[in-house]
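So that you can see what the record holds, here are the features copied from TrEMBL:
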TRANSMEM  20-37  transmembrane segment
TRANSMEM  57-78  transmembrane segment
TRANSMEM  104-124  transmembrane segment
TRANSMEM  144-164  transmembrane segment
TRANSMEM  171-193  transmembrane segment
TRANSMEM  217-234  transmembrane segment
Amino acid sequence: MAMYRIAIGSPAEAAQPDAIRAAFAEFFSMIIFVFVGEGSGMAYSKLTDNGPATPTGLILASLSHAFGLFVAVSVGAVHSGGHVNPAVTFGAFIGGNITLLRSILYWIAQLLGSVVACILLKSATGGMETSGFSLSPGVSVWNALIFEVVMTFGLVYTVYATAVDPKKGNVGIVAPIAIGLIVGANILVGGAFDGASMNPAVSFGPAVVTWQWTHHWVYWAGPFIGAAIAAIIYDNIFIGDDGHEPLSSSDF
């Protein structure tokens, strides 16, 4: 079972140069992703004079997040695996592909990157508010939780199939674009209901800058649950005990 492969790691790991480089890679990739994704929403609000949400706005959000994540994953892949998402890191940890201590480094870097991106956006736009994640009218927290679980399941399943699976072969070449596309597609599905986060760090940055925490737990619980389910299912059905190699300093 995947749960038996969970590794804690050594405290000395945090001081290893490759671990520090990986954390910086996650930090900068997150800045790129959040600046593009969140910034496109702010640009749309400016162009429409803070008008109501429209199908066009949803499509633009989908495209900007898909393109931004494609780039963010690509530029971070060689150094950190290009997680750009605490839920992806959690899924990799559950599957025994990264140690807990390295995961913590990634989580800190990802959260800081999101906050910095939102601060930069607020400064660059002359004080415009970054758009925090919230539930649409008529959507309960349990509706939103289901959305976040299922959407993040699809995301992390895609990550495993295209980037983690040792049998991926040439499919690994398309991993960044596949990951970007599943996020963009999920936004088209869930964006109108709960914003379609799938990424606790993406929700965290705007929440810190605006200090709005209503239903924030949904955007952590849903992605982490979905990531864990995807990791356990993919790891046990498609990778199995024979497909794993010992973790190294350059683990995913």
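From the backbone N, Cα and C atoms, a Cβ is placed for every residue, glycine too.
Pairs of Cβ atoms less than 8 Å apart link the transmembrane segment (144-164) most often to 217-234, out of 20-37, 57-78, 104-124, 217-234.
Tertiary proximity for the transmembrane segment (217-234) is limited to same-chain residues at least six positions away from its ends with a CB under 8 Å from its CB atoms, namely 1-3, 85-88, 90-92, 94-95, 133, 135, 141, 144-157, 160-161, 164-165, 194, 197-200, 203-204. Comparison of 57-78, 104-124, 171-193 by number of C-beta pairs under 8 angstroms to the transmembrane segment (20-37) places 104-124 first.
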